[in-house]
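J.: The following block contains the structure, expressed as structure tokens.
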Amino acid sequence: MICLGIEGTAEKCGIGIVDSDGNILATCGCQLYPEVGGIHPREAANFHAEHIVPLIREALEESNLSINDIDLVSFAKGPGLGPALRTVATAARSLSQNIGVPLIGVNHCIGHVEIGKLTTGAKDPLTLYTSGGNTQIISYESGRYRIIGETLDIAIGNCLDQFSRDIGLGHPGGPIVEKHAENTNKTIELPYVVKGMDLSFSGILTSAINKYKQGVDLDVICNSFQQTCFAMLCEVTERAISYTGKNEVLLCGGVAANSKLRQMLQVMCEDHYVDFYMPPMKYCGDNGSMIARVGLLSYDENKCGIENSYINPKYRTDQVEVTWIKDNFQHNINLPDNIKEKGAEADIIEGIWDEREVIIKHRVKKKYRVDKLDEKLRLERTKEEAKLLSDCKKYGVTTPYIYSIDLNRKDIILEKIDAPKLHEIINTDKDIKKIFTNIGEMVFKMHEGEIIHGDLTTANILIKDDKPIFIDFGLGKYSNLLEDKGTDLLVFKKSLNTIIPEKSEELFNYFLNGYDNEDVIKKIDEIEKRGRYL
């Protein structure tokens, strides 16, 4: 079967032709460059209307095929700009009817993942998807691509574009910022915001624009802007590696064209003993071949036809039932013998201290971060974590005892506790309702004491005698804001949805039974909606 795919979710218009053996027969495309400002949805729609037919002709010529050789037409139904999506869907309907072949709409984001897997050979990667409209950490789990981390406000691509536009450099901003950043090694401090496996770019955007207005050198701002944003992306990705245990990382999306981001992710992956993949540059950005590929993978006669060809501008990656992945993948990361676990920001090492068996949490230097930022983060987090672990006990929340702290090495020497992690006992015969209610009660106490865990996942809660023991406060802080408490709960909710999606709602409700604050619970939905594609 041969599929022709039509892409046009934003400013890029693309046609791709792919066959069912995975051969990419043609990839053709063009891009709208606005004279001023960003992408206007109607301008994008008009641009696509003008270029789709010529690009189809070009793709057929490149593939040495005629239009009658096409067996299936697929199109990007979302997420994206409404007017642009409608133009693409109209073109796809017309083409499929004219040549008498099935029509199927597909998810744009999953297209990036699948073309990446096809062109790199990655089997079951953790995917960092970075584009103008999306920033997501994606993992295939239990029949869907799950979003285990994402931006809580604007996407990295939009962040770069908006900075460039606001200071008068034009659009698209990514290549412009990258070019200026290459002119210097100097950096300044900018906001660094990571919340579990989620992140936020609005603060750093505002700060960078203000620095420019204050007269700070443009090259220095651009280098700092890139280094800080990309370090945040690397950190949430390594947190996801630690949580999922996957041994492959795939970078995709338009921002993957940035050489500094690729370099930083490569370094991070090497330090975590996992493989790094990135598709050829022509398949990083939006393209028709990724739409054709997903069209073939998801082809189902019952899902085809004009009646199913509606668009969805807010089409989430995790809304799609992934029926084409059948394998049950096993992952193995080969760690050095002296490392018990490789955490996101620390090596976990077993040792002896004062004739006691202990756990040494050693915050290792992050080679992907600039030295000054890395030293600051590791020192601050080591001191803050030690204080939070100790203060939790004031509110009846169980944490490991601290025996010693070495701020020079960024080490915390902790009580060794022989107990399974929460995700290891979820499918056992233990009283799960009681356990999750207990966790909710303890997190409520923590929050009443104005302690925010910061990375509240099932990997950071030990269970002993049906009671929780909280570990790893590396992203923790003191706060009484509903926003921070709600984010804590959202991180926990997402972690459940990743590891046990079929029971996640039930388990989270048990948790909420113990968490006695309706205002915080209501805040979860508000924060969650910000991650939707806009």
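Backbone N, Cα and C atoms are what each Cβ position is placed from, and that goes for glycine too.
Straight out of Swiss-Prot:
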type     : residues                                                                       : note
REGION   : 1-324                                                                          : region 'Kae1'
BINDING  : His108, His112, Tyr129, Asp286                                                 : Fe cation binding site
BINDING  : Tyr129, Thr130, Ser131, Gly132, Gly133, Asp161, Gly174, Glu178, Asn258         : L-threonylcarbamoyladenylate binding site
DOMAIN   : 335-534                                                                        : domain 'Protein kinase'
BINDING  : Lys340, Glu341, Lys342, Gly343, Ala344, Glu345, Ala346, Asp347, Ile348, Lys361 : ATP binding site
ACT_SITE : Asp455                                                                         : active site, proton acceptor
J.: So of Lys340, Lys342, which of the binding-site residues has the fewest other Cβ atoms within 10 Å around its own Cβ?
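T.: Lowest Cβ count within 10 Å among the binding-site residues (Lys340, Lys342) is Lys340.
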J.: Going by Cα-Cα distance, which of the binding-site residues (Tyr129, Ser131, Asn258, Asp286) sits nearest to Ala346 (ATP binding site)?
T.: Tyr129
J.: Do any of His108, Lys340, Lys342, Ala344, Ile348, Asp455 (recorded positions) have a CA within 10 A of Ser131 (L-threonylcarbamoyladenylate binding site), and if so which?
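T.: Neighbours among recorded positions: none.
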J.: Return the maximum Cα to Cα distance in Å (whole number) over the record's L-threonylcarbamoyladenylate-binding residues: Tyr129, Thr130, Ser131, Gly132, Gly133, Asp161, Gly174, Glu178, Asn258.
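T.: Roughly 19 Å, rounded to the nearest whole number.
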J.: Of the binding-site residues listed here (Tyr129, Asp286, Ala344, Ile348), which is spatially closest to Asp455 (active site, proton acceptor) when Cα positions are compared?
T.: Ala344
J.: Which ones in the same chain are close to His108 (Fe cation binding site), with CB under 8 Å and 6+ residues apart in sequence?
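T.: Glu7, Thr9, Ala76, Lys77, Gly78, Pro79, Gly80, Asp286, Ile291, Tyr315 - these are the non-local Cβ neighbours of His108 (Fe cation binding site), listed in sequence order.
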J.: Out of Ala344, Ala346, Ile348, which of the binding-site residues has the smallest number of neighbouring Cβ atoms within 10 Å?
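T.: Counting other Cβ atoms within 10 Å of each of the binding-site residues Ala344, Ala346, Ile348, the minimum falls on Ile348.
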J.: For the binding-site residues Gly133, Gly174, work out the Cβ neighbour count at 10 Å and name the residue with the minimum.
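T.: Counting other Cβ atoms within 10 Å of each of the binding-site residues Gly133, Gly174, the minimum falls on Gly133.
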J.: Please work out the number of neighbouring Cβ atoms within 10 Å of the Cβ of His112 (Fe cation binding site), leaving out its own Cβ.
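T.: Cβ-Cβ neighbours of His112 (Fe cation binding site) within 10 Å number 32.
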J.: In whole Å, how far is Asn258 (L-threonylcarbamoyladenylate binding site) from His112 (Fe cation binding site) when you measure between their Cα atoms?
T.: 16
J.: Restricting the comparison to the binding-site residues Tyr129, Gly133, Asn258, which residue's C-alpha is spatially nearest the C-alpha of Lys342 (ATP binding site)?
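T.: The smallest Cα gap between Lys342 (ATP binding site) and any of the binding-site residues is with Tyr129.
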J.: Name them in sequence order: residues not among Lys340, Glu341, Lys342, Gly343, Ala344, Glu345, Ala346, Asp347, Ile348, Lys361 whose Cβ is within 8 Å of the mean position of the Cβ atoms defining the ATP site.
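T.: Along the chain, the qualifying residues are Ser242, Ile339, His362.
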J.: Spatially, which candidate from the binding-site residues Lys340, Ala344, Ile348 is nearest to Gly133 (L-threonylcarbamoyladenylate binding site), comparing Cα atoms?
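T.: Answer for the nearest of the binding-site residues: Ala344.
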J.: Using only C-alpha positions, which one of Tyr129, Gly174, Asn258 is spatially nearest Lys340 (ATP binding site)? These are the binding-site residues in the record.
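T.: Out of the listed candidates, the nearest Cα belongs to Tyr129.
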